[in-house]
Structure formats: C-alpha cells, structure tokens
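Asker: Attaching a single structure in structure tokens format; questions to follow.
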Amino acid sequence: LVAGGADVHTTLKGGFTPLIVATALGHVAVMEVLLGAGAGAHQAGCSPLLSLRLPLYIAVLWGNTAAAQVLLRAGADVNMAMGEVGAMFPDVFGHIPPLALGAHSDTLVSNDGTTTPLLSTPLLISVAKGRVAMVVALLAAGADANVPSSDGQTPLYMALRGGHDAVVMVLLGAGADPDDEKPRLGEKLRGTRTGMTPLLWAVHGGQATIVTALLGAGADANKTENNGMTPLALAAHLGDGASVTALTNGGAEVNLTVRDHTPLCMAVQGGHVAVVRALLGAGADPNKTALTGATPLIGAACKGDEAVVTALIRGGAKVDLGVYRDDNLVTPLFMAALKGHDAAVKALLQAGGAGGVGF
C-alpha cells in the first residue's frame, strides 16, 4: 500500500493515524515501514483524548517497550508532557481496553487499571506502573529523571510510593535527586513541601536496601521532615537495625536531638536492644539526657528492660548518673527498685550502682 502511494499521514476514524494504530496494536514491523515512508514520530492524531494523539504515549501506556524504542529512534520527544484529558477514548480497536478518566481531575486510569497523574511525561507513566525495561529505555533516550508531574510528584517519589525498588535503583543511577521532598497533594496545598525526603520514606517503609542506595547516591542522612524527625531517629524508633547501620555508616549524626530525645533514647523506649547496641557502636553518647534530664539508663531501668540496661552499661552508661525530682536525686537503681524490676536491679548492682537512691 505504501509503495502504491497510500498516504501515511491520513487520519482514520476516531482521529488516529496509521502509525498510532500500528503502535497500539504492537505491530513494530509495520511501524518501521510507516516511519520509513515518512510518517512522523511526532505526528499527532486528533483523538478527543489528547494523550492518545502521540504514538509514544500509546506505546508507553500500553507498556510496549519495543514500540517505544522504534519511536524514540525515529525522533519522538522523550520528555514531552501529556496534555489535559478532554473525553473518553473511543474503543475503535475492539479488543483493546479503552483509557478512561479517573474519578479525580488529576488522574488518568490506564488500560491496566492503574492511575497516572495528568500532565505526566512518558517516564512518569512508566515509573508509576513499575515498568523497569521501559524506564531504562526512556532514560537511555534522554528522559529527565527529575521532571515532576503537574502535582509535583517526581519519578523517584512515585517509584518509592509504588514500592518499585528496581525502578528506584535505575532512577538513582540516572541522576534522580535523592533529596527531593514529597509534595503536598491537593489544590490548596499544591506547591508546598512536606519535608518527607526519599530517605525518610524508605526508612518509614523499612527498606534498608533502598536506604543504602539513596545514601550512596548522595542523600543527606540528616535532612529532617518538617516536624524535625531525622532518618536515624525514625529508624531507631521503629527498631530497624539494618537502616540504623546504613544511616550511621552514611554519616547520620547519632547524638542529634529530635523532639527532645536522641536516637538512643528512642531505641531504649522501644526496647530495641539490637538498635541500642548499633547506636552505641556508632558513637552514641549513653549519658546524654533527654529534655527531662533522664538518661537512657534511667529509661531502661524504669522499663525493667534488663537486656537494654546491660547493653547501656557495657556501652559506657554511668550507673549512678541521675536526675533531680523535687530536690531528690533519682538514679537508675532507684527506678528499677521502685518498679520492682529485680533483673534490672541485679544488673545495676553488679555494675556498681549505688545503694543510696537519693532519699
């Protein structure tokens, strides 16, 4: 047909060009013939759905990496943002499920049922769906790893939120900013930031491997959320020993006070003995007090956590360092005895804890 003079630029029913149809159906060989005959990789159809006017968006939405690569080699713009959606996509292909508008004005429901923010790039769409091969192909073609969607979501944030670890690794390798903050969503808050960094997000999810990768990519180990929480304090609070080790190895300050407590105090409060040991091994001060004046050892003694008490003593905690309450010196031994924690009392006495408790 092409050799006989068929017009490769003609517009079919529904506003689609032959190249768009071939792309949607995954006919790579036909695509190459059409492109070779002059069909433009940028040539837009006139579908009511603006995102389906460009062949590359068809390939990306359908997850056809081979088709996308053909278009990219032919000059398709890898960073072109998808426009606003105006109407339902007519199902002119019969067996191909249509795209539909989401329930909200800022999302698009694709043929596999997943949603994507509008005004996305091909990379953002592929990241949201966790399509590693497509992400690799787009980045290789020059896709910008840091261009956000219209609501401020970066590719890295979307990959983290979706739990697409392999995509996270690929994006970091391509230069994604490891310190970009999570945006606030919604019209009134759009454009403001939460302070939730990729590192904090990974720690919150217990993803120690991702924590290590982010730190390796240059993430700031001490950057805080808007409420002052640091990655290390959060990991200590959650009892995530693997993340604690990764963070301390990556430069996290072990004695930084967060919400009037050190990471060590938070680990003690949670009874996370392995984390207590890890923090002490990384240089945490076992005698640094909380805002109340209480030491980590007093906290452990009050809880009766003999394992944590022992770990703190071995880590250099002063057994007689106390805090004054109503002019009375309250020591770790006093608190353990007051609460009836015999094992903790024994451990403190064996370490030389004073018999006098301030009264």
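Placement of Cβ uses the backbone N, Cα and C atoms for every residue, glycine included.
Look at TrEMBL and you will find 14-39, 51-83, 118-150, 151-183, 194-226, 227-259, 259-291, 292-320 tagged as repeat 'ANK'.
Distances, neighbours, how buried they are, the whole picture for these features please.
Answerer: The DSSP breakdown of the repeat 'ANK' (118-150) into helical (H, G, I), extended (E, B) and coil residues amounts to 16 helix, 0 strand, 17 coil.
A Cβ distance under 8 Å defines the sequence-distant neighbours of the repeat 'ANK' (151-183), meaning residues of its chain 6+ beyond its ends; these are 106, 117, 123-124, 127-128, 130-132, 135-136, 139, 145, 190-199, 201-202, 205, 207, 209-210, 213-214, 216-220, 223.
Long-range contacts of the repeat 'ANK' (194-226) within its own chain (CB-CB distance under 8 A, at least 6 residues past either end) are made by residues 156-157, 160-161, 163, 165, 168-169, 172, 176, 178-184, 232, 234-235, 238, 240, 242-243, 245-247, 249-253, 256, 258.
Cβ atoms under 8 Å from those of the repeat 'ANK' (227-259) belong to residues 195, 197, 199-200, 202-204, 206-208, 211-212, 215-216, 219, 221, 266-267, 269-270, 272, 274-275, 278-279, 282-285, 288 of the same chain, restricted to positions at least 6 beyond its ends.
Counted with DSSP, the repeat 'ANK' (292-320) comes out as 17 helix, 0 strand, 12 coil.
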Asker: Using DSSP, tally how many residues of the repeat 'ANK' (227-259) sit in helix, strand and coil.
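Answerer: Across the repeat 'ANK' (227-259), DSSP assigns the residues as follows: 17 helix, 1 strand, 15 coil.
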Asker: Just give the helix, strand and coil counts over the repeat 'ANK' (194-226), going by DSSP.
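Answerer: In the repeat 'ANK' (194-226), the DSSP-based counts are 16 helix, 0 strand, 17 coil.
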